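What follows is a set of notes on a single structure, which appears directly below.
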């Protein structure tokens, strides 16, 4: 089953370009067309990759649905709550007007609930009894109150539960209050009796029931309450109408304080709203000046306020409307889009229709009613008799939102202001800088998105310079520069490493602790770097190195006698390891430059000084071998002074120390100076965080897999951490120190050997501890992809120009080399040295380089590409050796880098065609010419100089011009054939295929000698 691309993008909440790019990475070519169909397998891959986007989309839809449901529930709940509290307001209004006499009189017939109402009122009216107009009645009321007090609470409860019923019971409640005071004693007695009858049913602990107001919604108690209330009405209003007014005023004030004021003064509320809105207008006008985006919102709110002002003066409606439309039509549209898109857009359309259809008063009214959204409550109040529920919902929502969200709304506006300001600042910075930070081979689509232009414009620009590019084609640096310049951008290239770097966390100053300094020992070959470390470590390091030369960067953690710690990096000295030395200077804090006192400041020493200076590393000079008889430390200091490196003894800023690494002279003083420099630097690190640091070396160990020497620069590296270094990653399975002792963790400035990486990272790569294995894998894969693409792009392909150059040279040769070594740094150094050997005639190509022993796959590659295999401190496996013998592949093994370079150079010289030189052997003068039948012309001649041989070649010279070149046919002395004739001897000589010899000609004989070419 196939699925269309547009359905996939909707389901997974991603763009078509993203889907197409992902499938292309997986090896599927898919057209970027919404109607393109993909297979189930491809769909499954997409679901696996982009399931998070899909889940986010579903989650957001679910959240929106829940919020809509909540809004609906709130609306219905607010109505119920409103009915419980608010109907008293509307009832009060009705009672005041005229509804009382019509509804109350028919309900007067049954006598029953008078007492309940009385009780309610009496409990509240106990203070009112201070006005003793009818004295006897007051005394009786007290008795009734004492008897029925426990029931009063419950009656209130029942009334609350009854609230969902119509507003009729509530007028009943309000009238009985005044009547209760002056009822005849007989009716009161009857009521008391009825109440007593009902008491056993309802009388429970009143305090408990008060808490559970909403639960007892029994129908049985409701009906008797209604009957009793009806009875109350009958008796009271007819007999005492005048006195109702006096007592009723007190009750209304006491009961309806919380609810009445809201509905009593709707006009006052409007005035208050208008005043508040005017205040908001003033605030918003100030905001306008600061923020452009706020203007639309403020204008829309101003428009609403202006509309309300226009409602009152009818005469000015027309003029105001015209002015408002001129100024604020767009603002209303914008506001409608921002606030309530669907309903308001419809209303704005209706408004337009009303305005356009005619100029009568009806149209004016329509326009004014619909113009302002906040006036809808007013319209609904007019129709409130028809649709009470909607009015309640709208009014309550408006009132509650004003009470609750007033502060929240203000805070939100402040937040919006701040965020908008920040956004504008960012936009300005972007506009000012216009610098694109990118890697070299980005796609046309990515470049377009970075410049915020359409990809079609980028493709069009490329076509205008004669390049046909597709949307996902990667562009080289030159093209990117051209396109970016066309759109007014500058480009700044960052490597793939930088682009994919992990965000560094900044450490708080209180978390930092002092760490040991990392000291690099640099200098020329055999000037005593390792001997110095040897003395400091009290161990013979040199014994393990081939030829006594340090091949790898050694990292050592040393604890001095006073307990202070220093980490040393011992870098190789000879020029092949320039890259390694540069890397060592990058991770170091202090550099010790060693110079032998019996030698001079060598080129490698100068290079080491330059590396340290370029890295901004403090330098301490150690002048070694002062115990030798011919040592001259002052000469070294003089040479350094000529290089602008004045030591402290000569008034400069660089510390120096005369030492003897073998005997230990001056070494403690040197350590003091190093530690002094370290104190000046105030080196600190945070051990309580994920580790970061540098890869010093990496190698493939047959028993342990890929092993990397790392130097922790910050944090603490523990066994079990997930480490990402370059394109390699893995979980740390074990850690060892430089003495091969297992350790559990390594803090800042500690070098350790780690096991568990899935490859050999390049020496000098930075490593980071990542939280999850998945994240590390993703970053490593992306880096590897960029590295591979970079390699493919930079691979020099054979062009016609190159072919022409080779033909012109005539004898062009290529030497393909495969380099295998024990550690990454040595492989890199050897490869660079071999590539430097290339000349115009012979090009050296390192087609493959890797860590580990020579395998069968290396031999296969060498056989296919006519390459030789160079192994540096590694050996081929048994199967690889046999395979190489069968295929005739040359495997050369070395343990010292110089030997490898020299032999390759010799092999290259052997590949060159030997140069042919002519060596003149003799000069012969022709004295006589003899014409002999069947033989030809023979010259009688004398050898003027040299020795002529029978095998030599000859050329005939007449008057200084070469007439003929050929070989000697016969050489005779008297009648005998001879092999050679010496100087001043006569001889007979004839030339092959040439008879025009004349007296006085000169014959020059020569031989061709092949001279071996050198590079």
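The backbone N, Cα and C atoms fix where each Cβ goes, glycine too.
What Swiss-Prot lists as GTP binding site is 523-530, 570-574, 624-627, and the listing cites sequence analysis. DSSP assigns residue 529 (GTP binding site) to a helix in the three-state reduction.
Per Swiss-Prot, the feature compositional bias 'Basic and acidic residues' maps to 196-217 (among others).
Feature annotation from Swiss-Prot assigns compositional bias 'Basic and acidic residues' to 265-315 (among others).
Annotation source Swiss-Prot lists domain 'tr-type G' at 514-684.
The annotation region 'Disordered' is assigned in Swiss-Prot to 124-144 (among others).
Residues or ranges marked as region 'Disordered' in Swiss-Prot: 159-179 (among others).
Residues or ranges marked as region 'Disordered' in Swiss-Prot: 196-230 (among others).
Feature annotation from Swiss-Prot assigns region 'Disordered' to 250-386 (among others).
According to Swiss-Prot, the region 'G1' annotation covers 523-530.
What Swiss-Prot records for 548-552 is region 'G2'.
Under the heading region 'G3', Swiss-Prot lists 570-573, citing similarity to another entry as support.
Secondary structure of the region 'G4' (624-627), assigned with DSSP and counted as helix (H, G, I), strand (E, B) and coil, comes to 0 helix, 1 strand, 3 coil. Residues or ranges marked as region 'G4' by Swiss-Prot on the basis of similarity to another entry: 624-627.
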Going along the chain, which residues six or more apart from residue 626 (GTP binding site) have their CB under 8 A from its CB?
597, 633, 658, 659, 660, 665, 666
Have a look around residue 526 (GTP binding site) and count the other CB atoms within 10 A of its CB, chains all included.
15
Counting across all protein chains present, how many other Cβ atoms fall within 10 Å of the Cβ of residue 529 (GTP binding site)?
29
Neighbour tally for residue 523 (GTP binding site), based on other Cβ positions within 10 Å of its Cβ:
27
